[in-house]
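What TrEMBL records for this protein:
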- 56-82: transmembrane segment (TRANSMEM)
- 102-122: transmembrane segment (TRANSMEM)
- 176-195: transmembrane segment (TRANSMEM)
- 225-244: transmembrane segment (TRANSMEM)
- 265-287: transmembrane segment (TRANSMEM)
- 331-351: transmembrane segment (TRANSMEM)
- 414-436: transmembrane segment (TRANSMEM)
- 442-460: transmembrane segment (TRANSMEM)
- 472-490: transmembrane segment (TRANSMEM)
- 510-530: transmembrane segment (TRANSMEM)
- 591-616: region 'Disordered' (REGION)
- 591-603: compositional bias 'Polar residues' (COMPBIAS)
- 606-616: compositional bias 'Basic and acidic residues' (COMPBIAS)
């Protein structure tokens, strides 16, 4: 790296160090940008801080907290959805413990992934890919919640009978643990490369889209508890994320040179949960003024913030989630197969996130050993999530990958710090209890946007395919429609499946009511058997994206294991036969040492220049 290239990178209008001004896009600059050359445009797209760089400590804290807020909605959404299938709608304390456990495990998984996994700045969170098969399993006759657990006036959350009801269902976490072993095997054995040969855009598009579409009932039910509040939340999210995201807000700032002054921030991008907080506050004001009905039987009661009673005051200040906290895990064959289908979907989505994250963070395309290691570590994260009884697994968060493009900071140190934040907050009992007071219609409004974006993100995978092709239109259309029609019919006719073997009936019921499994199965089958060229299927575009390196570092050393592990393995000939080991051989090792020496000399000037800019 030369000082000239660093100066060009710091001219990026999306990130200015003057007052830590994120995404500064002034109007007078826009005209100049339109007339700039392709080279200058590429320079602006480069990250200010790449994967191996370490920003100033205050910038690390700000951006780490931003990544946490970006993942906040997706992480708390899963426990809130699962609470209905687990008979926990009226047990706020257990819901808060689930939320704490989810944050704690996501933090652990993030630290493992950044340190030993793919080694990219990619945050780990809960996965909606496992929600549908989990809810399908819990909707079977033998696991469906008894009617008395739905009545708040009858439920005694401290009674042994009630505790046994929900703990028995959470012990099905053993199915998640067994299914995650497959992900560990696929990752660390290198078989993920073989599997991805059969998974293309026409497989991923219906699979991911159906994750969002399959949750329409949860979104509609929660939003329907008070459509006015839900609509207000949705409108605020749309307003903040789409219309106000590029509007700078002047805020007080301080520097040694300027002293106390005002600086402009794109606050609506830095604080993505502002709409949720505003709706939450309005509901609180409506609650203390008794505008919303206090009678549970009246419409709009769930818009109150005191529905869960004294959840915050009853929760302990400190809690430490641990494996087996709900009892000894149990395993269900139907659960294992259903969760496995969700994990395969999650794997395909994560591989795409790895490549996107590499491009946005200035890293070269991830090599096979790094992808294998990343998938394997995600499997370990899901194994932890299952053992801790979260009722879910972990996966890469696409929302946080997109945040890298906004901040232009691809440092993995930031994501590592964000993981530490989640671990710490996951141990604060009252922190999890606070989220149980979020009114149901506010959550419903958030779901309307969140699940809509997930659906659209899945469809966006088709941009690399030729959608003028009747073949592709048929594959996608048939996969989507079948995945909606079949589960709907099975849900209305649950007794139709009767093979005489209870275990087989459960497996078929879970698979045939899991939308993404049906959509992904038909998409994969038709895409790999119906005649079509690679260009038509979108595979050539994917290959081209993998080889792009215009905004990346020159070497793959970013994917090396820490603490000298890579150097140790490079001197061992047997390491070349281990799929997840970054073996380079002796020649590459010496070359790497020389390169590191030159880079360290150049970094002294770089960090000096950045420090000066940070003080301006």
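Backbone N, Cα and C atoms are what each Cβ position is placed from, and that goes for glycine too.
Caution: TrEMBL annotation is automatic and unverified by curators.
Among residues of the same chain six or more beyond the transmembrane segment (331-351), those with a C-beta under 8 A of the stretch's C-beta atoms are 127, 129-130, 132-134, 136-137, 140, 172, 174-180, 182-183, 186, 192, 195-196, 199, 203-204, 207-208, 211, 371, 374-375, 378-379, 382, 393, 395-396, 398, 503, 506-507, 509-511, 514, 516-517, 520. In summary, the transmembrane segment (225-244) does not lie against the transmembrane segment (102-122): fewer than three C-beta pairs, each 6 or more positions apart in sequence, are under 8 Å. Listed stretches 102-122, 265-287, 472-490 were compared with the transmembrane segment (56-82); the greatest number of C-beta pairs under 8 angstroms is found for 265-287.
Note on the transmembrane segment (102-122): residues 51, 71, 75-76, 78-79, 321, 353-354, 357-358, 361, 363, 366, 370-371, 373-374, 376-378, 380-381, 384-385, 388, 390, 392, 394, 396-397, 400-401, 404, 410-412, 414-416, 418-427, 432, 558-562 of its chain, located 6 or more positions outside it, place their CB under 8 angstroms from a CB of the stretch.
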